[in-house]
């Protein structure tokens, strides 16, 4: 299917926070309770619609283990959006967010949109990190924030789509150079066709005006 833009995402965070499950829920609308550890990088894609335009999301799910960190770093470059995930039932995954964020900002495009996600909101009885703590961290670092559940699908759609909306707004504001694919954005055939139609219409109007 033709798309107007392609946005590249990267999902980062500690091992076991539910990165692969979030991706699977978003792309396939299913939950897999037992998931093999991601080795290196896995990939998923899905089409969404923003402002009447088809947007293709190309999503890279990275390994959380320290031994794969150098591989993860190479995927920061060329990403327009990042989902930084922690597990609300494991305080240590929240404590490691600063390290992940520093890594992301050091190796990525400065305009990359980062969504902070507190995953496993269905496990409220085992919560170790308050929602207010996630909100405060996001405010302090200029991130978007949501709590999600890959198991129940709560807020999963919204997390991926709201990140895309933020990227799209930055394109409209001229923040992203969409002609530079290193920014994680690719112009699709639908966008090119629309522009060609607009140019043709403008040309026709100008020619018509010259006859009067």
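Using the three backbone atoms N, Cα and C, a Cβ is placed for every residue, glycine included.
Model, not experiment: these values are computed from the prediction.
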According to Swiss-Prot, which of these ranges is motif 'Switch 1': 31-36, 37-42, 43-48?
37-42
What range among 53-62, 63-72, 73-82 does Swiss-Prot record as motif 'Switch 2'?
63-72
Among the binding-site residues listed here, 61, 122, whose Cβ has the fewest other Cβ atoms inside 10 Å?
122
Neighbour count (Cβ, 10 Å) for residue 18 (GTP binding site):
25
